[in-house]
Every structure is written in C-alpha cells, then in structure tokens.
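One structure is given here, and the rest of the page talks about it.
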Amino acid sequence: MTMQVQYKILDPRLGKEIEMPHYGTKGSAGLDLRACIENDMIIEPGQTVLIPTGMAIHLDDPGLAAMLLPRSGLGHKHGIVLGNLVGLIDSDYQGPLMVSCWNRSEEAYNVTVGERIAQMVIVPVLQPVFTQVEEFGDATERGEGGFGHTGSH
C-alpha cells in the first residue's frame, strides 16, 4: 500500500551531508531516523538527551499515527533505548521530530553526526466510541486477572 506523508526538512544538511531517512529493505517496517546534531555527542551512563532528526512530518489523517522505536542493535549492543520507551506522533502534530535517547548501560556512548538513532513506523489508529456499562456482557476465562495472572512462563 502506498500513501503520501508530508514532510519538511528542518536541517539543510539532511539529504546532503546527512542521508535522508529511508527504508533499508523492501520489507522494512521502520524508516531509520538520523541524528541531525552539530557535532558528535556523548551520552553518559544513565543520561537522557533529546536528539533532533532534522525533519517534521504531518500525517494529516486521524486514522494514522507514527511510532518512534529504538533500533534493536543500539539497545542490545550499547544500551541506547528511547527515554520515553516509545514515541507517539499524533496525526495532527507538525513540529520537529525529536528522539529521546537514554543510555541505560554503564558505558558512555558516542552518537555521531548522521547516525541512525531510531526508527519510525506508521500505524493505523482507531478512535472508538466508549460506552459506559455497569457490568460487561459475557464473562471471559481471564476475567479481571491482571499482571502475572496467566502464569510465570
């Protein structure tokens, strides 16, 4: 399925010295976002920093949202994950895309100019109408069982 998403380049280096975000393969779900920083930066252990991507998007469809997700290699190998765990970009947001990076490791990490720091996935969104009830219609096997209710493994 092809869809159009409006974007603005906020950093003039994007598409020139810094590669434009793109899908790595035909089957990639996530578009890699790059660090549009002036100079390489160190993220100290336990530190969280906001990193600009050099662009803004406007989805312009309440049936869509963008999710910013960590890159698996950065998280697994270096402990670099998103400070907010998942970034949610609403369809009516038009501001700069920023990535909150958190170094959860015990080693400092050097972010280089133009480095792939997160990935963006466009997802469908439903906005259901909620109906207040006194009791739910059909009881389920799980019922009100919450955290850990279905077993330990």
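Heads up, the Cβ atoms here are built off N, Cα and C, so glycines get one too.
Feature annotation from Swiss-Prot assigns substrate binding site to Arg71, Ser72, Gly73, Asn84, Leu88, Ile89, Asp90, Met98. Within the same chain, residues at least six positions away from Asn84 (substrate binding site) with a Cβ under 8 Å of its Cβ are Ser100. The secondary structure of Asn84 (substrate binding site), as reduced to three states from DSSP, is coil rather than helix or strand.
Gly73 (substrate binding site) falls within a helix when secondary structure is assigned with DSSP.
The C-beta environment of Arg71 (substrate binding site), restricted to residues of the same chain at least 6 apart in sequence and closer than 8 Å, consists of Asp32, Arg116, Ile117, Ala118, Gln119. Neighbours of Gly73 (substrate binding site), defined as other CB atoms within 10 A of its CB across all chains, total 10.
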